[in-house]
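**Student:** Pulled these from TrEMBL:
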{"type": "DOMAIN", "residues": "74-216", "note": "domain 'Peptidase S54 rhomboid'"}
{"type": "TRANSMEM", "residues": "116-140", "note": "transmembrane segment"}
{"type": "TRANSMEM", "residues": "185-216", "note": "transmembrane segment"}
Amino acid sequence: MEVRIGQRVSRGMLPLLALHTFSEYHRSEHKPPVTAALIAANTIIYLRPSLFESLIPPIQQVWFNPHLILKNKDLKRFLLSPFYHIGEPHLVYNMLSLLWKGFQLETTMGSVDFASMVASVLLLSQGVTLILSKSLLLFFDYDKPYYNEYAVGFSGVLFAMKVVLNSQSSDYSYVHGVIVPSRYAAWAELILVQLLVPGVSFIGHLGGILAGLLYVKLRNTYSGSNPITVLVRGVTDFLKWPFKFLPRRGRITGRGTVGTNRAWRCQTCTYENNSGLRSVCEMCGTSSGVDGLSSFQRSSRSDGLPLDELRRRRLDRFAR
């Protein structure tokens with residue numbers, strides 16, 4: 001089934017991407033805004049709706065070509081080419097990868113540091129790819145990547161994000177059905193993707209991996225604040241500044257404010273209940289009580305039982 005969206009005709013993959021993204025954000029406790037903004041930006045640029053047509057250059061003007069970038073000092077090609085994609089499968093595959101990596105990285109790093117990391121690896125991956133292409137021409141007289149390759153796509157940044165994500169991991173990962181140590185998953189994917197899809201930019205993906213390694217190295221050796229992080233935090237604080245003067249109100253009905261939304265931990269099963277509006281534990285069903293203790297624990301405390309014994313009995317009860 002074909003659906004026209006903006007200037008593009010979707011064959012069903014874009015609605016599936018939207019549905020999957022909405023589902024992930026709906027069921028997740030953490031809703032990373034920078035990841036959502038990146039997915040939205042890539043999708044809007046691909047669709048080029050008439051409302052933004054004058055603001056979004058056509059893809060012919062932003063292909064990443066080292067010769068044209070250096071000859072014309074073309075920053076537009078250097079900065080914008082990662083946000084363009086040549087087709088619906090290309091976009092959807094990259095955005096699903098961004099959704100998975102972005103959720104993990106932004107949740108652990110925080111939105112400001114994650115935005116700084118994305119900006120850093122984007123610039124590094126583009127720069128490393130440019131240097132690699134020029135070096136192949138100068139030292140090996142291999143001019144194809146320099147003159148004849150025209151590349152777009154977010155995959156270079158995704159390879160860098162994969163390196164950052166797995167830099168301290170001691171686990172194993174599946175890469176297209178192959179089990180490899182997570183720290184080397186990006187290298188395995190580089191080779192497997194090149195074998196399975198020969199037309200992709202090997203230099204661009206390699207530049208992304210090297211950019212990720214360089215970012216991790218710089219982050220571990222430099223103890224000061226990342227200048228890009230300081231810039232992003234400054235812009236964020238500036239945008240939030242007007243909202244500080246707005247009055248903050250609770251929900252008022254009848255005689256006063258209704259409830260709070262503070263999380264609380266069940267002392268019986270230690271489950272973190274995210275909604276303070278619930279007085280019953282979502283895991284074990286015991287009441288939180290007025291003093292913050294569950295009704296099960298309050299009655300058992302009178303018997304002199306320690307907390308560990310209460311938890312052990314609960315586990316035995318649920319294991320039957």
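Here the Cβ of each residue, glycine as well, is placed from N, Cα and C on the backbone.
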**Student:** Calculate the per-residue pLDDT averaged over the domain 'Peptidase S54 rhomboid' (74-216) and state the result as an integer.
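**Tutor:** Averaging the confidence scores along the domain 'Peptidase S54 rhomboid' (74-216) gives 93.
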**Student:** Which residues of the chain, 6 or more past the ends of the transmembrane segment (116-140), have a CB below 8 A from one of its CBs?
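**Tutor:** Sequence-distant neighbours of the transmembrane segment (116-140): 34, 38, 64, 66, 69-70, 78-79, 81-82, 105, 109, 146-147, 149, 156-157, 159-161, 164, 203-204, 206-208, 210-212, 214-215, 226, 228-229, 231-232.
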**Student:** So, by DSSP, how many helix, strand and coil residues make up the domain 'Peptidase S54 rhomboid' (74-216)?
**Tutor:** 108 helix, 9 strand, 26 coil
